[in-house]
Ligand SMILES: Nc1ncnc2c1ncn2[C@@H]1O[C@H](COP(=O)(O)OP(=O)(O)O)[C@@H](O)[C@H]1O
Ligand SMILES: [Mg+2]
């Protein structure tokens with residue numbers, strides 16, 4: 001993959017993140033993508049030390065702002081030392097928790113405020129944002145039950161259920177704010193059902209980020225040049241085919257436009273704008289003389305312009 005692919009996993013404790021992360025790793029590896037698994041707030045030697053400091057039951061006097069800054073500090077190290085280099089190498093990076101965790105845990109549940117958390121994290125990450133965030137949607141009491149039966153409970157897991165409820169609501173708000181990036185996964189489903197749901201979401205997102213489309217547009221000759229100008233001005237890759245066939249007096253011109261999935265709407269807007277349908281008088285009607293006099297035929301109005309457009313999925317794309 002040319003630019004890497006960054007996925008974060010979010011959700012309350014026990015929601016199934018670690019379980020599904022392993023499946024995701026296999027999913028990508030089977031497709032031949034190099035994968036990096038990492039987690040917040042660790043992922044680096046410095047980060048792991050900070051993580052110990054944050055989670056240590058002995059540190060009960062830790063202030064909220066201290067905790068928020070420690071998470072951001074670990075993240076800054078993590079982004080520069082691990083995540084960015086991996087993305088630059090074209091890897092798929094799967095990260096267990098990222099900025100969203102800080103927003104909901106420190107910003108919402110600890111009431112520091114979303115904006116302060118967003119600010120310090122923007123500084124820490126240099127604005128890096130995931131291509132996709134999977135939010136494991138499980139009511140906190142369910143997650144806590146799973147974790148409690150799993151053994152040791154750390155300082156954060158011991159917090160009152162009320163705290164976890166605020167975390168859960170924070171995630172819901174975030175998801176509504178970023179519906180394109182954050183996709184909910186139903187944490188109440190079985191492990192296998194969740195695995196399938198996640199697969200579907202990931203495949204869709206991969207197509208969105210890396211999918212190529214071929215737009216084939218057949219337009220009226222009269223519109224061809226202004227369409228070509230506008231498409232090239234907007235940096236689309238266009239091939240104009242020779243004029244063929246024809247309707248009325250003008251011929252048709254066919255364009256092939258190769259584009260990324262998320263650019264198709266823009267291409268369609270340009271075509272709509274430059275090839276709008278309009279009325280034209282098709283023939284200049286000559287008077288006709290008949291036995292009872294001279295008749296002037298009504299002018300024939302026809303629609304010209306418009307376009308016929310096909311948007312086709314590109315399976316493979318070679319440059320030879
Ligand atoms: N879909 C599921 N249904 C029931 N139990 C699950 C499910 N997914 C994970 N678990 C179990 O719940 C516990 C917490 O899962 P885990 O993946 O560690 O969650 P997280 O990483 O989000 O804290 C583990 O014991 C795991 O086996
Ligand atoms: Mg986990």
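Cβ coordinates are placed from backbone N, Cα and C, and glycine is handled just like the others.
Bear in mind that TrEMBL entries carry predicted annotations, made automatically and left uncurated.
These features come from TrEMBL:
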DOMAIN    9-198  domain 'Thymidylate kinase-like'
BINDING   11, 12, 13, 14, 15, 16, 17, 18  ATP binding site
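Residue 11 (ATP binding site) falls within a strand when secondary structure is assigned with DSSP.
Annotation note: residue 16 (ATP binding site) sits in a coil segment as assigned by DSSP. Each residue in the domain 'Thymidylate kinase-like' (9-198) has a pLDDT score, and their mean in this model is 91. Ligand 1 lies within reach of 13, 18 from the binding-site residues 12, 13, 18, judged by a C-beta closer than 6 angstroms to any of its atoms. When the binding-site residues 12, 17, 18 are checked against ligand 2, 17, 18 have a Cβ within less than 6 Å of one of its atoms.
What surrounds the ATP site, by Cβ distance within 8 Å of the Cβ centroid and not counting 11, 12, 13, 14, 15, 16, 17, 18, is the set 136, 138, 143, 146, 187 from the same chain. Minimal Cβ crowding within 10 Å, among the binding-site residues 14, 16, 18, is found at 18. Under a cutoff of 8 A between CB atoms, and with a sequence separation of 6+ in the same chain, the neighbours of residue 17 (ATP binding site) are 9, 10, 11, 96, 97, 136.
Cβ neighbour count for residue 12 (ATP binding site) (all protein chains, 10 Å cutoff from its Cβ): 27. Residue environment of residue 13 (ATP binding site) contains 20 other Cβ atoms, counted within 10 Å of its Cβ in all protein chains.
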